[in-house]
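Worksheet for the structure shown next.
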Amino acid sequence: MKSVDVLLGLQWGDEGKGKVVDVLTPRYDVVARFQGGPNAGHTLEFEGQKYVLRSIPSGIFQGDKINVIGNGVVLDPALFRQEAEQLAASGHDVTRRLYISKKAHLIMPTHRVLDAAYEAAKGDARVGTTGKGIGPTYADKTSRNGLRVGDILGDFPAAYAKAKARHEAILQSLGYQYDITEAEREWLDAIEYLKQFTLIDSEFFINQLLDEGKSVLCEGAQGTMLDVDFGSYPFVTSSNTISAGACTGLGVAPRRIGEVYGIFKAYCTRVGAGPFPTELHDATGDLICDRGHEYGAVTGRKRRCGWIDLVALRYAVMLNGVTRLIMMKSDILDDFDTIKACVAYDIDGTETDRFPYDITHDITPVYAEMPGWKTDMSYMTDEDEFPEEFNAYISFIEDYLGVPIKIISLGPDRSQTIERYTEGE
Ligand code: GDP
Ligand code: IMO
Ligand code: MG
């Protein structure tokens, strides 16, 4: 087995990555985030407590594990401080177990304003971003105007003033009104707070750990369908959420990558605007939303819900080189007479099982229908207890995607997780 495994979402985010990273962490020495930022909201539940992490890796609750925020991440010091202080208040001091790449880019208060201004300018075509300044920060990175975490150790006031002036000029040209006085004060205080953390050259740090025989679990944020290259562009986030992002976002070579864990919900959700072929605008969609408590972990926004989309999932499996699948929230479908799975798209009367270039086009999903299992599965602890209809659903998905489902999640708690073993493993 190689020593860098990647765990990432195969749908439009919120698949349950936080929960599974927490479950798998005991098997690894290091947990590392490689892209995204506080647009993420990763929920973990154990011992009756619930935590939502945005920038801090989900390995943080497990003993002496090393947690890394990689160079591919965009970090908002103010939100990071809030998150770290909340964890400290609940008895989890992260200062000594968290290492932050000097090459991670800083989200500035004006990036957040730009995010809002660009969304406002798009009108009806807005992306429905999380408003955390993600797009403008990655844009500054790519256009070589960004500020990095390592810059706080140098002549930071001058670099900050210059970057802020650029943003102000853009905002003025857009005629966008804003006031960042309070946010800026908090942000500058948080820059000082950040200095107590170990700021590292994470590419050297991680490669050295690997050379010493340590193992790393990379924690993806968002999901494959939000990838800036391969997702439902332009309704995407601004980073590479796919497995390749782990290489660029941490500085590990592709040959180091071992298992790729692809997570999906037993159905499908999306938050924000953009195409979603299997979205349900009916009572079934509302029922999935209610049963699944499908409201954003960070923004509280209602998530759009629909049946599982195997066309999009197969595309995601291909892009990521998924070796093991993880199916989440199966318990939410416990009470349905019929379960549907999208196996093809009907586009202008032509059926295809290939994810198309233009998914804003009118797509009618073609469904396979299966009987529901109508059994409360949330208390099950072994795959031998699975109802026959549920096993049929699993097999159908495995056959379509050509990859085994190795973990089944039946509830939000750490303990509600069942691993499936193949003979000989
Ligand atoms: P992430 O962004 O991929 O980490 O996922 P989120 O935390 O945003 O959303 C997943 C939600 O589903 C959270 O509220 C979890 O507590 C919850 N959850 C995770 N797995 C399961 C499961 O198997 N069953 C149920 N009922 N809830 C789950
Ligand atoms: P986790 O890691 C679900 C969505 C936003 C919007 C689009 C762009 O918790 O799965 P951005 O703020 O990134 O510029 O928004 O991406 N989005 C997410 N949707 N889960 C997430 O993260 C998301 N992060 C961003 O809703 O449609
Ligand atoms: Mg989330």
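Each Cβ is built from the backbone N, Cα and C atoms, and glycine gets one as well.
Among the candidates Thr25, Thr237, Thr284, the residue that TrEMBL annotates alongside Asp14, Glu15, Gly16, Lys17, Asn39, Ala40, Gly41, His42, Thr130, Arg144, Gln222, Arg301 as binding IMP is Thr237.
Candidate binding-site residues: Val298, Leu410. Fewest other C-beta atoms within 10 angstroms, Val298.
In the structure shown, across all protein chains, Asn39 is the one of the binding-site residues Asn39, Ser330 with the greatest number of other Cβ atoms within 10 Å. Using Cα positions, the member of the recorded positions His42, Lys141, Gln222, Lys302, Arg303 nearest to Leu410 (GTP binding site) is identified as His42. In this structure, Lys19 (GTP binding site) is part of a helix by DSSP.
What surrounds the substrate site, by Cβ distance within 8 Å of the Cβ centroid and not counting Ala297, Val298, Thr299, Gly300, Arg301, Lys302, Arg303, is the set Gly41, Val271, Tyr295, Gly296 from the same chain.
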